[in-house]
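Asker: Sharing the features that Swiss-Prot gives for it:
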- 504-775: domain 'Protein kinase' (DOMAIN)
- ASN64: N-linked glycosylation site (CARBOHYD)
- ASN102: N-linked glycosylation site (CARBOHYD)
- ASN128: N-linked glycosylation site (CARBOHYD)
- ASN288: N-linked glycosylation site (CARBOHYD)
- ASN374: N-linked glycosylation site (CARBOHYD)
- 36-102: region 'Disordered' (REGION)
- 181-202: repeat 'LRR 1' (REPEAT)
- 1-33: signal peptide (SIGNAL)
Amino acid sequence: MRGPRRFRLWTRANVLTVISILTSILSGAGCSPLSQLPSDNPAHVGVQDGVTTERVDRSKNHRNTTASSGAHRVTSGEPLGDRVTTRSTTAPDQVPGDASRNTTMAGTKCSLQVDLSTFACPADCQCNATSEGMVVSCVTPDTLREFPVIAREVARAVIKLELRGQSKLTSLKTELKFFTCLKHLTIENCGLNNIQGIAFKTLTSLETINLRHNHLTEFPQELLRTLNLRELWLEGNALTCSCTNLWLRSVDVAADRSEMTCSTRDGVSKMKMTQFKCEPCGIPDIRNMTLVFEPKNGMFLLRFVISGCPKPKIDLLRNHHHVLRSGSSQFKLTDFKSEFNGQVVTGTITILPHMETSQTTYVLTAVNSKGQANQTFHLYDQTTPASSIHIPLSNIPPRISSATTPRASPTEDFGPQTQVILPVVGVVILLISAVFIIYLCQRAKHRSHARQRCKKALLDKKFNEFQEGVPLTGLQLVDNPNYNLTKKKHVATTCPKTVRLQTILLMRVIGEGAFGRVFLGTCAHLIQKNEFAIVAVKTLKGSCSDSLKRDFEREAEMLATIEHANIVTFYGVCTESDQWMMIFEFMENGDLNKYLRMHGPDAAFLKDRDSMDSDEGQLTREQLMKIVLQIASAMEYLALQHFVHRDLATRNCLVGCDLVVKLGDFGMSRDVYTTDYYRVEGTAMLPVRWMPPESIIYRTFTTESDVWSFGVTLWEVFTYGKQPWFEYSNSEVIEHIKNSRTLKRPPRTCTDGVYRVMQGCWKPNPQDRLTMKDIAELLREEVSGDPVYIDIIA
C-alpha cells in the first residue's frame, strides 16, 4: 500500500498544479465562462474534436432575413411554459416590427375585404368579418376530423384562426400555406402531436401562436425560421428533455427560466429545463472512429461514436452500395447504444473480409433531418494487420449539412471569446491526459508486480533434483495450444493448484507429443487425504524453449478456470523439477476415435484378442447420441466461457467407464494421428479435414469454427470413427471445403434430425451457422423424440 498511497499524494499535488495553471491562463487571457457568453442570437450546441462549444449562428441566411427566431424572453410574472415572447434581431437603423414586416410582406397580397355572400363558412365554425380581416373560430368540441377547408382567396383574408377542443386533429402539415395574412393562430386543447417542418413557412405575417394543452413532445426552432413571431404559447404540452427543445430555455430572465420543465423520454419524471444537459445538437458528427482487426475470428471491427440531433441513422457503404440496409450477413451492426436521450450513438460494425485482392472503399454515414456526415476508409480484404488501426479525429472531414440547414464558415461560427477558450480547453485536456496516462502506468506496474508474485509462488520455487528413467524424444512439431483463451471480462483471481513432487508416482508412458510425454501415474492426497488417485501426467521437457514454458504457464492458468462434467478435470501443476508437470484426470478407455472403431461394424478386423472382452458389441444409436450430447454439452460450456478449442475431433475426446466422454487433449494426437494433420504453405500442422473455409484461408479460429468442427466430429461418431473425406488427399479436401462441398450423410444410424444439425454446422458463412446452444437443444430434442428400435432380424 505504500506505493499507491504515495502515488495518490503525488496525483493530488499535480491536480492542484493543473488548477493553478488553468486559473493563471484564464485570468491572463481575460476569458469568461461559457455560461456568460452573449445570448442575443439563437445558438446551438456543436461538437468539435470532442469539445462542446456554444456556436452563435451568424450565417448569411440568418442575417439577410428578418424572420429570425430571435432571442427568447419570458414576460415577467408569466411561467416560461405558458408564454414565450420573442423579439426580432434587426439592424440598428430599423424599427423592430416595421422594416421586417415590410420585408416579409413583399410580394404578398392580403385580401382584407371579403364578400360574405359568396363565402361558405366551414361547417361547425363561425366566421366574422372585421375591419382588419376575417376571423374564423371552430370551438365546438370534436366536430372536426381534419383542418377546415377554406377557399384560397378567402384564406388570404383570414387574420385570426381559432381551433379548440378538436381531439381528432392530430397533425399540422401544409393546411395553412394559403393563410399568408394570418396574424394570430390558436390550436388549443386539441390532439395535435406533430407539426411538419414547413407548416408555418408561408405565414410571414404571423405574430402569435397559441398551442396550449396539446400532445406535442417537441417543438423545433426550425418551425419559426421564416417568422417574426412575438408570442408563443406552449403550456400543457409534454415537451421532452431533448436537444430539439433546448432552444426554448434561451431566455433572459433567469428567475422565469428556472421554472421551465421538460419530461424525460420515458415520461415518468420531469426536470427543470436548465438542468437538462444535451451535449451534441444539430448536424451528425462522427466524433470518433476506430478500425480494429481481430485475428481470432478474421474480422474487422469498426467502432464509432456519432452525435447529432435528431438521432442520426447509421449506414455503411461498400463501393457505393449500402451493406447494412441490404441485410448482408457479412456486415452486422452490434452493441448499438444511445446516450444523452438518444443524441449520441455508439456501436460496432462487424466486417467479414471478402476474397478479393483489390482495394475496397468503405464509407460510414450518419444522417438525420439536419444533415449528413461521412467518413471514408480503405481496406485490402486480405490485409490482416497485427494491431488496431486508429483513424484520428483530425482526419475526419467537415460535416455535410443539408440544404435546409446551412452552415456558417468557421470564422462566422466562433466569436472571439470562443476562439480564446478553445486553446485553453485544449491545454487543460492535455494536462489531464498526462496525469491520467501516468496513473495508468502506475496501475499497470502494480498489476505486473501482483502477477509476478503469483507466478513466483507457482513456478519459481527452488526444487530438488528429479530424474525419470524414460528419456524424452526431441522436439518434432511446434505445438499450438488446443484451447485458446480469448479476452474475458474477468480475470482469474487464483493461481493453479500446486501438487507436491513427492506425492506423484509415474508408472508408464501412455502418449507422446512435441512438448514431452504423457504418463499414467498415481498421486497421493489429491482428491482425499491418505488416498491414491490414478492420474494422467503431462510433462514438459526440461530442455524445452522459453516459448513452450510460457505456453505451459498460460495453459495452466486457463485450465484452472475450467470446470465441467464433460471436460477432463485439471488437478494442478508441479514445478519442483526441470520437468514441469500438469496433473489430469485419467480416462481408462482412451481416446474416442479408437473407442468408436473398436465398437463399430469393423471392430472384428481391428481389435486384438487381449484388448477387449468378446461380449462387447457394436454401439447402438442411443449410445452414439449419448456420446454426442456429452461433447455438445462441453462445447456449449466453452462457448459460454468464450473459449475456442481449435482442434475438436474424436481423437481429442477421452472415454471413461459407463460411456462417459470428456474433452481432453494432451497434445499427443498430432504424433499418434499424423494423417489427420497437414502442413499448409509452410505453416504449422493443421487439421484441415475438421476446419471451415475461413480457418483454412485466413488461419482464424472462432466459436463459429468450433461449430464447424463439431459437425465433423458428429459425422465421425455416426460413422464409427472414420476419417472425414477419407477418399481424398489433404489438398483435395482443401479444395472441396473452399468450394462449399460437405460430407455425405452417414448411413443407417444417422437420423434426419442429426444430419440437419450437421448441415447447420457447415454453413459457409460463419454467422449463418448454428450456435452450440442451439445444437445442444436440438440434440436433446432428438433424443427425447427418438423412437426405440428393436432388432427383430437377429
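Positions of Cβ are set from backbone N, Cα and C atoms, glycine also.
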Asker: Any idea what the Cα distance is from ASN128 (N-linked glycosylation site) over to ASN288 (N-linked glycosylation site), rounded to a whole Å?
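Answerer: Roughly 60 Å, rounded to the nearest whole number.
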Asker: Any residues 6+ beyond the ends of the repeat 'LRR 1' (181-202) with a Cβ under 8 Å from its own?
Answerer: 108, 110-112, 133, 156-175, 208-217, 219-220, 222-224, 226-227, 236, 369, 404
Asker: Determine, to the nearest whole angstrom, how far the Cα atom of ASN288 (N-linked glycosylation site) is from the Cα atom of ASN374 (N-linked glycosylation site).
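Answerer: Each residue's Cα considered, ASN288 (N-linked glycosylation site) and ASN374 (N-linked glycosylation site) end up 12 Å apart.
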Asker: Which one of these glycosylation sites, ASN128, ASN288, ASN374, has the sparsest Cβ neighbourhood, judged by other Cβ atoms within 10 angstroms?
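Answerer: ASN128, out of the glycosylation sites ASN128, ASN288, ASN374, has the fewest neighbouring Cβ atoms within 10 Å.
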Asker: Mind tallying the repeat 'LRR 1' (181-202) by DSSP state, helix then strand then coil?
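Answerer: Helix, strand, coil within the repeat 'LRR 1' (181-202): 0 helix, 7 strand, 15 coil.
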Asker: Averaged over the whole of the repeat 'LRR 1' (181-202), what is the pLDDT?
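Answerer: Across the residues of the repeat 'LRR 1' (181-202) the model's pLDDT averages 90 on the 0 to 100 scale.
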